[in-house]
Every structure is written in C-alpha cells, then in structure tokens.
Amino acid sequence: MAETKDQQNEVNIIIISDAAGDTAFSNATAAAAEFPKAQINYRRYPFITNKDKLDEVLEEIEKYPNLVIIYSLVKDEMQMPVIKFAREHNIQCVDIFSPVVEAIKQTTHMTPDQKIGAQHSLNQKYFDRISAMEFAVMYDDGKDPKGFLEADVVLLGVSRTSKTPLSLFLANKNLKVANLPLVPETHIPKEIYEIDPKKIIGLTNDPSVLNEIRRQRMIAYGLNPDTTYSNMDSINKELESAQALYKKLGCYVINVAHRSIEETAALILEHLGIDDYAK
C-alpha cells in the first residue's frame with residue numbers, strides 16, 4: 001500500500017542518550033524547525049547506560065515508520081549497536097557527540113575519558129543554578145515581598161510582559177530573580193523602594209501587541225476576548241501607570257514587543273554588566 005502524503009511527511013526522531021539527552025533534543029528541535037510542513041514526533045530514551053537497555057530501545061523503535069536516530073553515547077561499545085541497527089534498517093543515524101570529541105582529540109593529542117555525564121558534574125555552579133531556579137519559582141508574581149530584597153534582579157511589568165519566562169531564563173544564568181505584576185491603583189510593596197534601582201527592570205510593551213496577546217490568551221481559554229483585560233483603553237492606562245512608576249524609581253526600562261526572551265535577557269545582562277553569568 002502506498003504511503004499517504006501525511007505519512008510521507010511524518011518523521012519519528014529517536015533520541016538515545018546515556019545522560020538526560022537535552023543536547024541531542026535541542027539539536028533535533030533546531031533542525032526540525034527548518035521543516036515546518038513535516039509532522040515531527042520526538043521519542044526520547046535517556047539514561048541508556050548498558051547494552052540490555054539499548055537492546056530494548058532498538059527493539060521498541062523498530063515498529064515506528066520513517067525513523068531518524070540521533071544519539072549521544074560516550075562509550076564506543078554503546079555506539080556500535082546503534083550504528084549496526086541503522087545500517088541494517090536503512091535508517092538515517094546521527095552521532096552528535098563523537099565528531100566533537102574526535103576533533104578535540106586530534107587537536108590536543110589527548111585521550112578522552114569516556115565518562116558519562118561529565119558535562120553535568122555536580123559542582124558549586126550547578127547547585128547555585130538549582131537554587132536560583134527555586135528562588136524564581138518561590139518569588140514569582142510577588143508572592144513574598146521579602147524576595148525583592150534578596151534578589152539579584154527584580155522584574156516589574158503589567159500582565160503579559162514575559163515576567164515569569166524571563167525570571168526562569170535568568171535563573172538558568174545563576175541569577176536570583178523576583179518579579180511583581182503591576183495593576184493600576186494597587187499597592188506597591190515598600191520593599192521595591194528599598195532596593196538599588198539598578199537591580200530593577202521595568203518591562204513594557206506596545207499597546208497593540210499587548211492587546212493581541214491578551215485576546216489570544218482569552219480565546220485559548222475559551223473565553224470572550226473582548227473584556228476589560230484586552231480593552232485598549234485599559235491597556236493604555238496600565239502602561240501609563242507602569243511607566244510613571246518606572247520614572248519614579250529611576251529604573252531601566254525595556255520594551256519587550258517583538259523581542260524574544262533571549263534578546264530581552266541579553267539586554268538585562270548587559271545592563272547589569274554581566275557577559276555570561278552561567279560560565
């Protein structure tokens with residue numbers, strides 16, 4: 001039976017790793033973004049550290065059509081069965097780990113350790129990052145004002161100005177971040193006025209962009225999009241109120257309209273004089 005067009009466009013990307021598989025998954029999603037019309041299914045198999053587990057994976061994936069295998073396996077004896085399986089089944093197979101290791105080996109004339117998960121060794125920087133992530137969750141949306149005094153960065157902004165995703169992104173850079181949603185005529189915690197203005201980032205947005213984002217959010221929840229929340233007059237009032245607060249605080253202001261989380265975060269890091277806090 002001939003494949004339908006949908007079946008031809010379907011790709012099952014198999015990700016096999018002896019660690020978490022995040023690197024392989026990131027590479028896969030970045031590459032898949034080049035094929036918007038393809039139906040991409042991701043099937044992740046992390047922590048495959050022995051041949052018995054690997055044999056089970058290879059047996060399971062045999063049932064899927066249109067396979068592409070992406071693997072990140074440190075040890076040669078784990079790589080060979082995958083390569084053999086792919087060759088026997090005429091499957092595209094990509095090793096994202098070995099070429100880089102080989103390039104470094106050839107340049108340095110050193111022998112690799114073949115230590116699984118070496119890039120994720122539990123050093124102090126790792127624990128600091130976990131602590132920063134926990135801090136961001138604990139002090140999201142102004143849950144506890146004391147977090148503002150302990151934070152490296154405090155994000156202020158009206159609803160839908162990317163406060164939470166920015167907090168988590170910066171936390172991954174080892175920064176302790178707290179954020180506060182701004183609503184007109186609501187009390188601003190006194191702690192906001194007690195911290196260094198340089199640590200405060202005021203987030204704003206274009207009214208039309210904010211209107212569209214909020215309307216789409218209401219639609220996604222199955223609600224009427226034409227409410228006070230998405231009303232242009234209300235949005236303008238919110239933004240003007242926020243802008244007045246930023247001026248009073250003397251803080252750095254960023255318009256997040258048409259900016260990715262990464263771009264906004266880069267501006268914040270530059271403002272703080274941090275090149276790469278995650279190093």
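Each Cβ is built from the backbone N, Cα and C atoms, and glycine gets one as well.
The following features are taken from Swiss-Prot:
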BINDING   Gly157, Val158, Ser159, Arg160, Thr161, Ser162, Lys163, Thr164  ADP binding site
Worksheet item: What count of other C-beta atoms do you get within 10 angstroms of the C-beta of Val158 (ADP binding site), across all chains shown?
Response: 21
Practice prompt. Look at the binding-site residues Ser159, Thr161, Ser162, Thr164 and tell me which residue has the greatest number of other C-beta atoms within 10 angstroms of its C-beta.
Written response: Thr161
Practice prompt. Output the one of Arg160, Lys163 that, of all these binding-site residues, has the highest number of other Cβ atoms within 10 Å of its Cβ.
Written response: Lys163
Worksheet, complete the sentence: Gly157 (ADP binding site) has its Cβ surrounded, within 10 angstroms, by a count of other Cβ atoms equal to 25
Discussion item. When DSSP is mapped onto helix/strand/coil, what comes out for Lys163 (ADP binding site)?
Written reply: helix
Worksheet entry | Gly157, Val158, Ser159, Arg160, Thr161, Ser162, Lys163, Thr164 excluded, remaining Cβ within 8 Å of their centroid (ADP) | Pro181, Leu203, Asn205, Val256
